[in-house]
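Annotated in TrEMBL:
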TRANSMEM  40-63  transmembrane segment
TRANSMEM  75-94  transmembrane segment
TRANSMEM  114-135  transmembrane segment
TRANSMEM  156-173  transmembrane segment
TRANSMEM  185-204  transmembrane segment
TRANSMEM  225-254  transmembrane segment
DOMAIN    235-434  domain 'Major facilitator superfamily (MFS) profile'
TRANSMEM  274-292  transmembrane segment
TRANSMEM  304-324  transmembrane segment
TRANSMEM  367-388  transmembrane segment
TRANSMEM  394-415  transmembrane segment
Amino acid sequence: MRLPGVNVKLLPIKAHFFLMNGGTTPLTPYLTTIAKQRGYSARLVGAVFSVLPLTAVLARPIFGAVADHYRCQRTMFLSFIVVITLITASYKFVPDQPVNVNNERDETALSTHQFWLFCAFLVARYVSNSIISTLSETMCLQNLGKDTHKFGQQRLWGCIGWGSVSMMMGWLIDWYSSGSMVKDYTPGIIVSVVFLLTDLLVAFKIEDCQSDVVSKHIFKDLKKVFNDIKVVCFLVWVVFFGIFYGSISLYLLWHMEELVTKYHPEKYSSIKTIQGTLIAVKCFGGEAPFFFLSGKIIKKVGHLNSIVIGLAALSLRFFLYFIIKDPVWVVPVEILSGLGFALPYTAMTAYGSMLAPEGLKSTVQGLFSTFFQGVGVSLGSLITGYLFNELGSSYTYLVLSILALFVCCIQTFTIRIMAKTSKLQDNSNVNTEG
């Protein structure tokens, strides 16, 4: 039975985003705090999490190119859902760090096999997740056809999955760990595996709309794309956005725990509940509405101006992190994630698809994702980890607030220059034809 006004073809895509994000929520937001709990310093964690996106620099374009050349993106997509499910379940077999490492130097931690097993777990999980993300977004855009501006309306279901699971996950971890200063993430692993296995069943229903066109001159075609100055400017902004995104996604929960330790130790027993509530507010109060509205906003203001709006929102968001001392008050700040993440992320994804030649959709989408995650988030992790260690978490976000405002101003100026240059070229072409 067909529902009026509902595109049945897109329902499996929506369900996949919901289940995949719901399946990664129980662990992904807490990975840096898990590392902190294992006794690693902010500097060491920053170094580790700066390397993780670099693995995606290699993995995304390589697997994207293989998917395009051999037209096997659906097979690859399903295979990596199986892989990430097995990797997630394997965390229970990663041994804990010896207790005395907490008071030892990072060099000592580097000599333990527990540290390297933990890193191997992180790398395998990150690479699998990044490939799934690239392929799922590519397949979504292929199913949308010319309606790429509706990408946000599909992606918001991932946000709903992320938010709805996080609402119970933080409380469940606190409850399961009650009476202990060490948080036990066993409930998260169980919930994650259940969601991912369900997602595998749903993913079989996603229609394969991969183009029959295969690029015979992949590097030559890509060179044409990157010879455009607009593309180069766009990539620079994507990298900065990745830096700012990494500083939040990897370190905001760490910052909240720093606030609890310094100002409100009485709230430590419920910190995971507070963090879970924050993720839910970010998803439902911030990202979901703007994923839904992003198509209309992008149509009105354009892709690049949408990124400008995102940078301005990030600057304000960082400043609020700096002045707030109670982690509970960080929660409502996440409403700004709609303007600071959902809108610009949708704009970047749709713009990347527009720039991609036929037959290179997965390849180009992988490359744009690489600049965001592989370069931007990697630098964000390294820089934020270093600043956390040297300045403390609050002053780090003050520095990032100033930097985001500066990049926002530079981008606004650059867009105006590019617009004027484009008009002059158009006028020149008209005069030549006349």
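Each Cβ is built from the backbone N, Cα and C atoms, and glycine gets one as well.
Below 8 A, the CB atoms of the transmembrane segment (185-204) and the transmembrane segment (75-94) form 3+ pairs separated by six or more positions in the chain. Looking at 114-135, 274-292, 367-388, the range that has the most CB pairs within less than 8 A of the transmembrane segment (75-94) turns out to be 114-135.
Residues 234, 237, 240-241, 244, 247-248, 252, 255, 259, 294, 297-298, 330, 333, 336-337, 339-341, 343-348, 351, 394-395, 397-398, 400-402, 404-405, 407-408, 411-412, 415 of the same chain lie 6+ residues outside the transmembrane segment (304-324) yet bring a C-beta within less than 8 angstroms of a C-beta in it. Outside the transmembrane segment (225-254), and at least 6 residues removed from its termini, the chain residues within Cβ reach (under 8 Å) are 29-33, 36, 42, 45, 49, 53, 275, 278, 304, 307, 310-311, 314, 317-318, 321, 330, 341, 344, 348, 351, 355-357, 364, 368, 371-373, 375-381, 383-385, 388, 393, 396-397, 400, 404, 407, 411, 414, 418. By the Cβ criterion (distance under 8 Å, sequence gap of 6 or more), the transmembrane segment (274-292) is counted as touching the transmembrane segment (156-173), at least 3 such pairs being found.
Note: the stretches the transmembrane segment (367-388) and the transmembrane segment (394-415) are in contact (3+ CB pairs below 8 A, sequence gap of 6 or more). Within the same chain, residues 31-32, 76, 97, 106, 109-110, 115, 119, 122-123, 126-127, 130-131, 134-135, 242, 246, 250, 254, 363, 366-367, 369-370, 373-379, 381-386, 388-389 sit at least 6 positions outside the transmembrane segment (40-63) and bring their C-beta atoms closer than 8 Å to a C-beta of that stretch. As a whole-number mean, the pLDDT of the domain 'Major facilitator superfamily (MFS) profile' (235-434) in this prediction is 84.
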